[in-house]
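Below is one structure; the comments refer to it alone.
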């Protein structure tokens, strides 16, 4: 097989000659390795792909045989739109090929050839497209010609921008405020708010602060989230287009592949600011650009549909947000080394399970309850005992059962379909809905007081919970109104059934409902993870953190305390990695720097979670251990807090409450219920009740072993679990390259295009945006270790081997010097890294790098064409010699010369090209002398195509008033190749050719380039008919 090249990074289509057996080669590069692929299109519309050449030092780049074969597989899958079936064969021949580029040589060795072949079920031979890394190839296939366009990311972006329909509000968008607030003339909170207002009121929700993306919730669907916008941002540098969440996601995805590092995006903001929707946009974009085959598409679909499932079971209407996430989730999407999705894992935490049993005024329970009531069919409703939401105590207490413009019945169908896609079969769905319904019926169990103790008011209320959970109704009654306790008399331990009062019975009932729902939710997450499980070896991850935002209500309890603590920890991560770490890096690297003051909220985090001196969580755990469920625990907790941390600068005392000065503002917490909720106790009686169930799903939710005798152990409190989960989450985030989206809520009424300046200014202040701008403004937009910088941009040096020093720092200086950058304004040299101030400087480096690749690709292409032409000439000369040797007297020069094919300038005669078929290639064109039956000579054009021989006459008209001499072309004879019986020549040194045609008269022409015509005619005849042309030599 021959080696061929097609130029990369070209602004226009470039023709590429087909190789032997309809093979075309494509030249592809990345930062570390240049690879030459060859794609061969077979007669059965199958495509084979081969690695033809790669650098001799390819193994030192860290690539392996597995990596390269995986890269081929990705290319093929994208080639086929994800529908191909790929198979691999064993390693084949060892060949060598050298490429000489400019003044240095890169030895390329065909170390192996791994063919991958697949059939194209829906292959369109006229047009197909595939993408590999930052390259886009649009190929037009014809039987004789393959035209390839390779556009770099920058060129493709600019070309796309010319189409006003491809990008949202492209024209004049920069005139609406400042797209990157590092460029603000005045840096203060008012200027930030006014810039956000100006952009928001012009339907622009995104703004940058350097790499940080600000998103102002529009409270309506915006028009710039379609596939066209995804294509617009794919492969482009982050700052080349207007700010968008797609730009941040694309930058994160590409850098994950380039640097082989895990990345994460932290989405923060208060409740109702648009965090969950932002997470969806990220997941949709990643699914769109990451490619892959049927299995990968299945994984993508599951990942996307998990949103619908978890929203139904984990989201609810609150006063501030109609679709508020009442749990936190961290989604880690795993990718192969070549960028296709291979699975995902979801970690959930902080589910607000108290919402199951209690909601504030104008709020709702979790969406799934209302979807079930509105959407399930009549038969299922009868089986589950479901009726209107107002019938159930757990749904009617807030006075709100509906949400404006939300169809719960339709969403029920969406949820059920999503569960099916995730892999939950119909029988499992029914079992899940049984537990959801059982929880509603448990809430309707009422108690009455009998002799100061609780009893069931109506035994009929036990029937549905018992039926749905498959347990004995009497067992439910016993466990709700009594509790097993241990009594010690001397050395004897007696177990007693202690009767409960009404309040205790209600607490026990609600504890069972909360436990069922919480464990069911965790089970759903586990089902999703089982469907998305993946091999953790050799993969890279993108993490997406979506957690409910900072909350301040009229009455704030233990739930708000835990939520705000986690948000405080996330703010600490932001401070550590953007404000503190950046300034410490400048100091460590020896870069001149003016320190920027900022508020470090670590002091608030320590107030809540420290052990020595004890923080609030430690104090609460101690009180819970001391009181053992006795009344007065909350008051004792408050007293102990006041004595331990009462003088802390971020703590304020109160009556029955306490106040913490959070980074987002002052929040006053009511201590009522702190101890009870922190204990998070589920009594053994209830566990045993559920373990008596005949329902397998219910049994799986309660797997713990309950001791026969009461054993006193210190259980893990809810506060301890939250601290552990928060710190594990932070460890995961700190181990990834972070990206930030700061979501802002423009108004409390959830109205589109309503901007409350005071409300936004408060968020701007506590998010620390002013300090963030000041740090970015004084700092550097781009930083890179010297070795990585050199690896990427060494190509910019013209004489690479002679001009590039060995030291990485010196190499970096040489590269920057070649670009004529001013040291003071453009960049700064650190101890281990290069710091570049403006992104425009990086754009210049990238554009120059793209130009270099295009230049080298053209050199390779020219070299290949010369090589191919020489081989083609030699082959044709050999064929001519084989045909004529011993039969006809010929001059050596007529054989040993280049065969050009076109001797009349077809490019200047487009009318001639129109005479042949659309898919025919003209192999030979010359001006000849044609003789008629009277042996009268006349001038004609002789054309040889892949299908026929044409004799063409040119008619020239005289001058007119408007035009000079005009000409047109008439086909005087059209002879299909199949009808040619033979070709007759004389043995003498003449130029006569006689074509004999089946059932028609012969044609005699005199052609100067007879040898070339004869060779090409024989080749085309054989390709067309599969037969050998008959050639006769005799005196004419």
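Backbone N, Cα and C define each Cβ position, glycine as well.
The following features are taken from TrEMBL:
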- 269, 270, 271, 272, 273, 274, 275, 276: ATP binding site (BINDING)
- 176-850: domain 'Myosin motor' (DOMAIN)
- 888-1036: domain 'TH1' (DOMAIN)
- 726-748: region 'Actin-binding' (REGION)
Within the region 'Actin-binding' (726-748) only, compute the mean pLDDT.
89
If you skip the near sequence neighbours and keep only those at least six away, which residues in the chain come within under 8 angstroms of residue 269 (ATP binding site), Cβ to Cβ?
215, 275, 549, 550, 742, 743, 744, 745, 763, 767
So, in DSSP terms, is residue 275 (ATP binding site) helix, strand, or coil?
helix
How do the residues of the region 'Actin-binding' (726-748) split into helix, strand and coil according to DSSP?
9 helix, 8 strand, 6 coil
Could you find out if DSSP has residue 269 (ATP binding site) as helix, strand or coil?
coil
Count of other CB atoms lying within 10 Å of the CB belonging to residue 274 (ATP binding site):
23
Please list, in sequence order, every residue of the chain apart from 269, 270, 271, 272, 273, 274, 275, 276 whose Cβ lies within 8 Å of the Cβ centroid of the ATP site.
217, 321, 548, 549, 743, 745
Cβ atoms within 10 Å, counted per site: which of 271, 273, 276 has the most, among these binding-site residues?
273
Give me the non-local Cβ neighbours of residue 272 (ATP binding site): same chain, 6+ apart in sequence, Cβ-Cβ under 8 Å, ordered along the sequence.
217, 318, 320, 321, 324, 549, 745, 750
Taking only same-chain residues 6+ apart in sequence, whose CB is under 8 Å from that of residue 270 (ATP binding site), what do you get?
320, 549, 550, 551, 664, 743, 745, 763
